Amino acid sequence: MIKLIRFFRSRRCWVISLQARCFSAPSRTHFDFSGESSDTERALVSALGSCASSNDVTCGRQIHCRVLKSGLDSNGYICNSVLNMYAKCRLLADAESVFRDHAKLDSASFNIMVDGYVRSRRLWDALKLFDVMPERSCVSYTTLIKGYAQNNQWSEAMELFREMRNLGIMLNEVTLATVISACSHLGGIWDCRMLQSLAIKLKLEGRVFVSTNLLHMYCLCLCLKDARKLFDEMPERNLVTWNVMLNGYSKAGLIEQAEELFDQITEKDIVSWGTMIDGCLRKNQLDEALVYYTEMLRCGMKPSEVMMVDLLSASARSVGSSKGLQLHGTIVKRGFDCYDFLQATIIHFYAVSNDIKLALQQFEASVKDHIASRNALIAGFVKNGMVEQAREVFDQTHDKDIFSWNAMISGYAQSLSPQLALHLFREMISSSQVKPDAITMVSVFSAISSLGSLEEGKRAHDYLNFSTIPPNDNLTAAIIDMYAKCGSIETALNIFHQTKNISSSTISPWNAIICGSATHGHAKLALDLYSDLQSLPIKPNSITFVGVLSACCHAGLVELGKTYFESMKSDHGIEPDIKHYGCMVDLLGKAGRLEEAKEMIKKMPVKADVMIWGMLLSASRTHGNVEIAELAATELAAIDPSHGGCKVMLSNVYADAGRWEDVALVREEMRTRDVEWSRAFSGVV
């Protein structure tokens, strides 16, 4: 015994007392000291538990050797302790060896091994062992439920929980908290309320661990009234509880309620401040987020890398903001610029701010081998129309990931180089270990839409159907848009109807089919689809109304178009932009209501562009209005003096009116100024 004590002390793994801090919760479950164990057993079990907690494999192996030499491996408690040590340290080959040679396997042995498999994310092995267990307890079921939850198999976790309940196995607070977490990801409100009722029935609702998970569940399911009611009724709250409720308001966009709750937190931590900053950024309130950030610094809190990434990314989205430069200075001052992802974010910030030189300088000063920085530079070049430079960086990147390929393929698709986008896509699927994802396919279908090649579109669609890429609304919208732009509106409509009741929870697929139908002259179909949309809890957006107004324009439905235009702001809170005004000018102009079209242009919040004045000029010629034609031509020439199309159109207006002297003057002016002739204008759609 004295030699054993000296050995443990020499390895610094001797634990003098058997206090609870020496063991994790599972250890207390596995081992029972009722006074029958000898001091040697206690010492060994305690030391092995300490090794498991501290992940001290070297010391654990040495103790295992001493156990074998002493012949104590026949002792069930000690053997389970050795098994637990290897399982906790994720040395499953050693754990399996001990398990096979175990002389006295019991339910604790099986539970330890199942827990080891779950910790190492070997769920299949855990399931196989679970199925052959001679006796399953609450610990067995709880461990496997945790395994399902870790692998995002929420439905399976709930199913196993129901099996456990049907067998009459009593659950504990760990089981219930784990199941509540799984249920929160499934989003079923009735299951949520059932679990809360169960917690009350088992008198576990007062446990902070359980009640906090219940609160988190309601927040994830966006049942914030239930969440707040539970929060107010909780007998005990900790900072985690406050932060969960705060995060629920923040994620739901309820900033005022979040602010009110935030002010009530007496001891805020970095999570509390970060939640408020994140909530403001989600609402595009950068200035408010920076106020919280500044106040946080005054309270002595240090920002995290993730927080700085979020703030700088938001600054990049805020056009004309100088906040990003100040944040960059703070990042350098605090030494955050050595973090790889912050370096990539800084590159992205300058690229989006159209300062590609500074982005390139930041890249040169960063760790060039870091893939995120290279991807940021590729995307930056693409954003600034420098596709060749982007390709150069792409070709020099040896460890390309999915973001590298997506940035480059998207760059070609956006820069009107669809053939190059498709060529790179074929290279990706034939020679790269990186496989396309949904974002890749969106860019591919966009490129095919530009080409108008139905054959290419069908090939890409076939590839998608045989792949493992999960569908989403944006991908569905891209497919619908591709078929519509390639002239196969029936196929686009079939795909829309096949998917709208299965996965469509956003506006994207609706926009694709409405705009596609309108573009190809199916105005009634587009407007009928919009009517169907209004009966659903899906909100239209700016793009939706471009399609709707285009449909009205094609069908000559002036009054209906005006009604929809006015409803944008009054009914949906959408401010019309230049595309919507362009649709209305085109609609009014084609109907011969040129004065109204002119007044519409005057009311625009932004200056009319070449397209809008061109449409008014074209409509003026169609309806023989020389005065408005002269106005449109003058405005058009002021925007683009080198564009000869307006002069040609104006001379044709004069010719139609028989004003041949004016025709001669316009033609002479064109020859004098060497203005290029442009023969045509096209409408918005």
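Cβ atoms here come from the backbone N, Cα and C positions, even for glycine.
What Swiss-Prot lists as region 'Type E motif' is 612-685.
For 40-74, the entry in Swiss-Prot reads repeat 'PPR 1'.
According to Swiss-Prot, the feature repeat 'PPR 3' maps to 106-136. Residues belonging to the repeat 'PPR 3' (106-136) score a mean pLDDT of 89 in the model.
The repeat 'PPR 5' annotation in Swiss-Prot covers 172-206. Remote same-chain residues near the repeat 'PPR 5' (172-206) are listed as 25, 138, 141-142, 145-146, 148-149, 152, 154-155, 157-158, 161, 164, 213-214, 216-218, 220-221, 223, 226, 230, 235-236 (criterion: CB distance under 8 Å, separation of at least six residues from the stretch ends).
According to Swiss-Prot, the feature repeat 'PPR 6' maps to 207-237. When DSSP labels each residue, the repeat 'PPR 6' (207-237) comes out as 23 helix, 0 strand, 8 coil, counted as helix, strand and coil in that order.
Taking DSSP states H, G and I as helix and E and B as strand, the repeat 'PPR 7' (238-268) has 23 helix, 0 strand, 8 coil. Annotation comment: Swiss-Prot describes 238-268 as repeat 'PPR 7'.
According to Swiss-Prot, the repeat 'PPR 9' annotation covers 304-338. Broken down by DSSP into helix, strand and coil, the repeat 'PPR 9' (304-338) contains 27 helix, 0 strand, 8 coil.
Annotation comment: Swiss-Prot describes 339-369 as repeat 'PPR 10'. For the repeat 'PPR 10' (339-369), same-chain residues at least 6 beyond its ends with a Cβ under 8 Å from one of its own Cβ atoms are 305, 308-309, 312-313, 315-317, 324, 328, 331, 375-377, 379-381, 383-384, 386.
Summarising the annotation, Swiss-Prot assigns repeat 'PPR 11' to 370-400.
Sequence annotations record features per position, and here Swiss-Prot assigns repeat 'PPR 12' to 401-435. Through the fold, the repeat 'PPR 12' (401-435) approaches residues 371-372, 374-375, 378-379, 381-382, 385, 387, 390-391, 394, 443-444, 446-448, 450-451, 456, 463, 467 of its own chain, all at least 6 residues removed from its boundaries and within a Cβ separation under 8 Å.
The list of residues near the repeat 'PPR 14' (472-502) in space but at least 6 beyond its ends in sequence, with Cβ under 8 angstroms from a Cβ of it, reads 438, 441-442, 445-446, 448-449, 452-454, 457, 460-461, 464, 508-513, 515-517, 519-520, 522, 525. For 472-502, the entry in Swiss-Prot reads repeat 'PPR 14'.
Feature annotation from Swiss-Prot assigns repeat 'PPR 15' to 506-540.
Residues or ranges marked as repeat 'PPR 17' by Swiss-Prot: 577-607.
According to Swiss-Prot, the transit peptide annotation covers 1-23.
Applying DSSP to the repeat 'PPR 12' (401-435) sorts its residues as follows: 27 helix, 0 strand, 8 coil. Beyond the repeat 'PPR 9' (304-338), the same-chain residues lying 6 or more positions past its ends with a Cβ under 8 Å from any Cβ of the stretch are 270, 274, 277-278, 281, 284, 286-287, 289-290, 293, 345-346, 348-349, 352-353.
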